[in-house]
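One structure is given below, encoded as structure tokens.
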Amino acid sequence: MASASCLSLLVVLVALASAASAQLSSTFYDTSCPRALATIKSAVTSAVNNEPRMGASLLRLHFHDCFVDGCDASVLLNDTATITGEQGAIPNRNSLRGFTVIDNIKAQVEAACNQTVSCADILAVAARDSVVALGGPSWTVLLGRRDSTTASKANAESDLPAPSFDLANLTQAFANKGLNVTDMVALSGGHTIGQAQCRFFRDHIYNDTNINSTLASSLQANCPRASGSGDATLAPLDATSPTAFDNAYFSNLVSQRGLLHSDQELFNGGGTDGTVRSFASSSSAFSSAFAAAMVKMGNISPKTGSQGQIRSTCSKVNGS
Ligand code: HEM
Ligand SMILES: *[C@@H]1O[C@H](CO)[C@@H](O)[C@H](O)[C@H]1NC(C)=O
Ligand SMILES: *[C@@H]1O[C@H](CO)[C@@H](O)[C@H](O)[C@H]1NC(C)=O
Ligand SMILES: *[C@@H]1O[C@H](CO)[C@@H](O)[C@H](O)[C@H]1NC(C)=O
Ligand SMILES: *[C@@H]1O[C@H](CO)[C@@H](O)[C@H](O)[C@H]1NC(C)=O
Ligand SMILES: *[C@@H]1O[C@H](CO)[C@@H](O)[C@H](O)[C@H]1NC(C)=O
Ligand SMILES: *[C@@H]1O[C@H](CO)[C@@H](O)[C@H](O)[C@H]1NC(C)=O
């Protein structure tokens, strides 16, 4: 190759590399921590084999991380004298789980590669590996997120969608994060696994009319109308196949079997009915939309380059 074209190739490569420096990349740890992905996968697989619901809990942790100031592991920070963390926020308190599993994965990854792999990336990979462990689709996780040095309880309360939301509220909450209605419906398919507490579905089973009445009665048996009793009693978000990552969540919605008010809002005569029907009738359409939307969600405001830090312990800022 002539040296002039060699030089111009180099210029192009350097330009590409610097343009990509603020981007995430699937190969981010290939040199710095080649064992990272296998270490995370094996820990997630064993945690999910031990307790299938853990796959749901780990998927939800990544969602609740990304929607609050981007995917930066802010959700993992404990309260301290100077940080009021997100774990005490209304959508998270006595609800989010999986912290011990993440701490255990982080310890194994640190043993392999000291202060190299971020907690935010561990959450993103663990979410994918959880979905795969429960029979769902796989996708390539982009990497290189750095961890926050702060958290925001207030932003967790303002930015995460609530189960009382109607379709317009849900659409707004996802649009605020750059996610459109197709992404929103696909990501809501995360509710094909996991459980919810009575306090989050009580209003839907007593006050809403868009729920199968046989299902409502049977849920009411373990979730009394009066708040304060049975608040934490669990029911599966997808009663058809609670631990399988499939598209039954969507066929449930078509037959008025959503557990949360917000779930059934996606199929209640509004603009998302068609997408719900299409995911109900095609598991491959759901799988590809879910995978694409997870990558999109994982790209929300990542900290890269010299922003943030790589925490040594996921529940605390380095040196604190
Ligand atoms: C559309 C707006 C959403 C609302 C209003 C919502 C609300 C909720 C609520 C209230 C629970 C039950 C929590 C409890 O009882 O402790 C829950 C559980 C869950 N959510 Fe969502 N969620 C939404 C979207 C998502 C998304 C986008 C994902 C992931 C892609 C997701 C994944 C999960 C999972 C897997 C569980 C079960 C967790 C477990 O069993 O530990 N959710 N959600
Ligand atoms: C990990 O790296 C940090 C900072 O580079 C250092 O302070 C710490 O001692 C290292 N820990 C181990 C176990 O090597
Ligand atoms: C939900 O939407 C209604 C209008 O449909 C609006 O008045 C209300 O402020 C919204 N609430 C939230 C929490 O976004
Ligand atoms: C949502 O965004 C995806 C790409 O990110 C696109 O393929 C899809 O058509 C969009 N859907 C709507 C309803 O705009
Ligand atoms: C149902 O609606 C009534 C009237 O708005 C309200 O007082 C009650 O708290 C709601 N929830 C349940 C579980 O009854
Ligand atoms: C509700 O579900 C039951 C099965 O549990 C079914 O027999 C019934 O037809 C459904 N009701 C309606 C109105 O679709
Ligand atoms: C954070 O809180 C959890 C639960 O209370 C605890 O197990 C963990 O050790 C805490 N982390 C630190 C660094 O203190």
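Keep in mind that glycine also has a Cβ here, set from the backbone N, Cα and C atoms.
Feature annotations, reproduced from TrEMBL:
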SITE      R60  site 'Transition state stabilizer'
BINDING   P161  substrate binding site
BINDING   T192, D238, D246  Ca(2+) 2 binding site
REGION    301-320  region 'Disordered'
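Broken down with DSSP, the region 'Disordered' (301-320) shows 0 helix, 4 strand, 16 coil. In the three-state DSSP assignment, the secondary structure recorded for D238 (Ca(2+) 2 binding site) is coil. Rounded to a whole number, the C-alpha distance linking D246 (Ca(2+) 2 binding site) with R60 (site 'Transition state stabilizer') is 16 angstrom. Across the structure, R60 (site 'Transition state stabilizer') and D238 (Ca(2+) 2 binding site) are spaced 15 Å apart at their Cα atoms.
By the rule that a residue counts when its Cβ sits under 6 Å from some atom of ligand 1, the binding-site residues P161, T192, D238, D246 yield P161. According to DSSP, D246 (Ca(2+) 2 binding site) is assigned to coil rather than to any helix or strand. If you take the Cα of T192 (Ca(2+) 2 binding site) and the Cα of P161 (substrate binding site), they are about 17 angstrom apart, rounded to a whole number.
Across the structure, D238 (Ca(2+) 2 binding site) and P161 (substrate binding site) are spaced 19 Å apart at their Cα atoms. Between the listed recorded positions, namely R60, T192, D238, D246, the fewest other CB atoms within 10 angstroms of a CB are found at D246.
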